Amino acid sequence: MALRGTLRPLKVRRRREMLPQQVGFVCAVLALVCCASGLFGSLGHKTASASKRVLPDTWRNRKLMAPVNGTQTAKNCTDPAIHEFPTDLFSNKERQHGAVLLHILGALYMFYALAIVCDDFFVPSLEKICERLHLSEDVAGATFMAAGSSTPELFASVIGVFITHGDVGVGTIVGSAVFNILCIIGVCGLFAGQVVRLTWWAVCRDSVYYTISVIVLIVFIYDEQIVWWEGLVLIILYVFYILIMKYNVKMQAFFTVKQKSIANGNPVNSELEAGNDFYDGSYDDPSVPLLGQVKEKPQYGKNPVVMVDEIMSSSPPKFTFPEAGLRIMITNKFGPRTRLRMASRIIINERQRLINSANGVSSKPLQNGRHENIENGNVPVENPEDPQQNQEQQPPPQPPPPEPEPVEADFLSPFSVPEARGDKVKWVFTWPLIFLLCVTIPNCSKPRWEKFFMVTFITATLWIAVFSYIMVWLVTIIGYTLGIPDVIMGITFLAAGTSVPDCMASLIVARQGLGDMAVSNTIGSNVFDILVGLGVPWGLQTMVVNYGSTVKINSRGLVYSVVLLLGSVALTVLGIHLNKWRLDRKLGVYVLVLYAIFLCFSIMIEFNVFTFVNLPMCREDD
């Protein structure tokens, strides 16, 4: 999820400043997983022990996404993925006595390295590519910008298919998807500092397509194997999603134009019809509000663009005779020219009323002591023969809104030492990483390196692949040392580590008043994770590396997690709808509770608490 324009430098700078919060959150997730593994591990071991008598008939060796070679035999434990990586410098006993802390610090360092590469090098190069290809904002956001935020998950999935042959990659995809939907929305709702009005079209569009993608994924993994055409279908589905984003404006106009227009009485649908407690459909007829009840009107701030027709339809006042006359003259009983003039007059009056309300002025005193207001039906009449009176009746000119301060470009540099003491400590720890990246990757954000954006793209991609490999390696060692299965480490620790930077960026964007964009983009980026993050590795394995082969899937444990993912999407959209499409603290607490429930159920399923699902991981005394 990346933003263009002047907000991106501010977002990147703030993300660097929030490094302690990110590290603290990831460590808290790891501590929660360790406690849960100790709590549910014994229960799951008993369930697995009681099920050993049926293992030869019901169990195939747990090698998620591993190519079928016909030589697998039934075993009483699952081979750990740690053997697919280079040998660690420490033994298992040394790690259990404290050396694992070094691996945790290394994994956190890789999380930060991935965030730096994506924010300061990879995403700017993608923006330059989009500019050269003349892509629209929607298409660029659905393709290159989505790739910029989901590249760590994609490489984790590739490593899971071609190196570990385990479930750490798909666990990261599923866990990151749930984290993006629940945690990002929850954090924005709790800490945005304002109530964010969500656009129903963007949320419903991405949620419906994402639901379709998850259902297709469940159907494909149900038979415990992936063939070449199934990976191809996932990629084709993403191509269709790009087309939807390309024609997003036309589709939105088609689905929203269903309700009666104020101007001509033709069917037009307002976005406020779905999810607005003020709208009941009775105000489509201009004559209805004449005898209706005046509802409590929400307060509207002074915005650059005010949707006057939607505001009037959502909270119509009780009109008296002068305004009622204007409303009647915009019906189809009058000619088009009269309707246009009266509609323009209503819009001008309503705009003036909103400006006065925003400035705390609800009425204007006249010379004879009366007050002039739309609410009491006194519409001002201009007298061209008395310019002095017209000048006195005109409202004072409004001061122009202050222009936003320009955001200075904050280029990453190893030689800019911060002034604060805490920032200096962080600068010392991150200096080797920043120096290495600045020396090896040209920063195409700078004017002199702008023409080398393709070199930036290639080198940044290589560094992302290297950091992702080290990250998955360290997380695999941590999980093996603590006795946590790879899929749980992927769903929790890896998902949080790769998604917390995006969560912090979404919070920053929400505080800037763009919370709707942040929330809708989180769901849209999950479409990339499922369709591309899984479709591309599966397609490469079955069509390029080994044509005609299949990818083995442990659907017994994976289907449960994907069903939980599907349920979390449905419950989140339902909660947003019941909350009148508003993102506030109440909705934030609701989705965070859903995330905690998802983690608990996923961990209990993987530890065989409810029923036997997975074999325990093979342990070695080294």
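Note: Cβ is positioned from N, Cα and C throughout, glycine not excepted.
What Swiss-Prot lists as compositional bias 'Low complexity' is 380-393.
Annotation source Swiss-Prot lists compositional bias 'Pro residues' at 394-404.
Residues or ranges marked as N-linked glycosylation site in Swiss-Prot (evidence: sequence analysis): Asn69 (among others).
Annotation note: Asn76 (N-linked glycosylation site) sits in a coil segment as assigned by DSSP. What Swiss-Prot records for Asn76 (among others) is N-linked glycosylation site.
According to Swiss-Prot, the region 'Disordered' annotation covers 358-410.
Annotated repeat 'Alpha-2' per Swiss-Prot: 495-526, in sequence order.
Under the heading signal peptide, Swiss-Prot lists 1-38, citing sequence analysis as support.
Under the heading topological domain 'Extracellular', Swiss-Prot lists 39-97 (among others).
Positions annotated as topological domain 'Cytoplasmic' by Swiss-Prot, on the basis of a curator's inference: 119-142 (among others).
Taken from Swiss-Prot, the feature topological domain 'Extracellular' applies to 164-172 (among others).
If you average pLDDT over the topological domain 'Cytoplasmic' (194-200) in this model, you get 78. Residues or ranges marked as topological domain 'Cytoplasmic' in Swiss-Prot: 194-200 (among others).
Swiss-Prot lists 246-457 (among others) with the feature topological domain 'Cytoplasmic', giving a curator's inference as the kind of evidence.
Sequence annotations record features per position, and here Swiss-Prot assigns topological domain 'Cytoplasmic' to 501-526 (among others) based on a curator's inference.
Look at Swiss-Prot and you will find 548-557 (among others) tagged as topological domain 'Extracellular', backed by a curator's inference.
Residues annotated as topological domain 'Cytoplasmic' in Swiss-Prot: 579-586 (among others). The residues of the topological domain 'Cytoplasmic' (579-586), classed with DSSP into helix (H, G, I), strand (E, B) and coil, number 2 helix, 2 strand, 4 coil.
Marked as topological domain 'Extracellular' by Swiss-Prot: 608-622 (among others).
The stretch with the most CB contacts under 8 Å to the transmembrane segment (98-118), chosen from 201-221, 225-245, 458-478, 480-500, 558-578, is 458-478. With Cβ pairs under 8 Å as the measure, the transmembrane segment (527-547) is packed most heavily against 225-245, out of 225-245, 458-478, 558-578.
Contact check: the transmembrane segment (587-607) against the transmembrane segment (480-500) gives at least three Cβ pairs closer than 8 Å, residues 6 or more apart, which meets the contact criterion.
Take the transmembrane segment (201-221) and the stretches 173-193, 480-500, 558-578: counting Cβ pairs under 8 Å, 558-578 has the most. Asn76 (N-linked glycosylation site) has a Cβ environment of 12 other Cβ atoms inside 10 Å.
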